[in-house]
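Annotation comment: TrEMBL describes 2-291 as domain 'Carbohydrate kinase PfkB'. Look at TrEMBL and you will find 10, 11, 12, 38, 39, 40, 41, 42, 138, 251 tagged as substrate binding site. Taken from TrEMBL, the feature ATP binding site applies to 183, 219, 220, 221, 222, 223, 224, 250, 251, 275. If you look up TrEMBL, you'll see 245, 247, 281, 284, 286, 290 marked as K(+) binding site. The active site, proton acceptor feature in TrEMBL is assigned to 251.
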């Protein structure tokens, strides 16, 4: 087994709109798409499509969305032994994509809020076989902290994508991550520092290194990706494409990075691949539907 993703799953309800309605206004949306999503699930699917063996630890509800989610994992070759059922709603994410391909997202955590440290213990024998643990913040923080402690105890590198940003994230609880991967807005919220310029981003990332992080990797959209570590500072330029839908691009980046860093051990190569993979994803509509397979990616 290559990667254990301990995190969320959602059903994406995507409305393509010309603009957001004003208060009290009703608008017709030109198009609608429903698909499987959630940061954890997205990252798992991206890595699996590229060829990684992925173990998913998550919770689904007792509704029709749950069956679809499990079937989607299985279709993508993801190990679902630890996709657990919970009474109540599955996670749902209404998403609005405007005419300029900018998105706004709401999340209803549903069953994701029930993922617990005990679920990690339940899957421990299989997580130990993995080469990387991937985490996000759509599940309880206590579960995220427990997963990081588990990784440290068993010498398994941990990647944390601190999204959606949570101001009550305790940095001392997550400093043992091998890879800390926020976007610019998450970086600003977590550090309380501006990110208007690349120098600002560099200063904020340095603050995280000073807090004990090993590799800080900041995704900056059209400004590229900044990687900082002890003795390392590198800004990789963005790949220029014509975007159609940016939903899930960050998850595509992390899933691809996870795949290549496990397969090669080369962080820079993994970043270059992830940059290209995420750029390709925004040229297509949908979230997981925009993620290339290994064969498709090899032809880009």
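Every residue gets a Cβ built from N, Cα and C, even glycine.
For the binding-site residues 10, 41, 220, counting C-beta atoms within 10 A of each C-beta gives the highest total at 41. Around residue 39 (substrate binding site), a 10 Å sphere centred on its CB holds 29 further CB atoms from the protein chains shown.
Nearest Cα neighbour of residue 224 (ATP binding site) among the listed binding-site residues (12, 138, 281): 281. Nearest in space to residue 222 (ATP binding site), taking C-alpha to C-alpha distance over the binding-site residues 10, 138, 284, is 284. In sequence order, 244, 245, 290 are the residues of the chain that are 6 or more apart from residue 284 (K(+) binding site) and have a CB within less than 8 Å of its CB.
Here the candidates are the binding-site residues 183, 247, 251, 281, 286. The one whose C-alpha lies nearest to that of residue 41 (substrate binding site) is 251. In the three-state DSSP assignment, the secondary structure recorded for residue 41 (substrate binding site) is helix. When Cα-Cα distances from residue 286 (K(+) binding site) are compared across the binding-site residues 12, 138, 183, 251, the shortest belongs to 12. Residue environment of residue 224 (ATP binding site) contains 18 other Cβ atoms, counted within 10 Å of its Cβ in all protein chains. If you take the C-beta of residue 247 (K(+) binding site) and look for same-chain residues 6 or more apart in sequence within under 8 angstroms, you find 12, 14, 37, 95, 97, 103, 105, 286, 287.
Taking a C-beta cut-off of under 8 Å and a sequence gap of six or more, residue 183 (ATP binding site) has these contacts in its own chain: 163, 218, 219, 220, 221, 250. In this structure, residue 290 (K(+) binding site) is part of a helix by DSSP. Under a cutoff of 8 A between CB atoms, and with a sequence separation of 6+ in the same chain, the neighbours of residue 138 (substrate binding site) are 7, 8, 10, 38, 39, 40, 91, 107, 109, 112, 163, 164.
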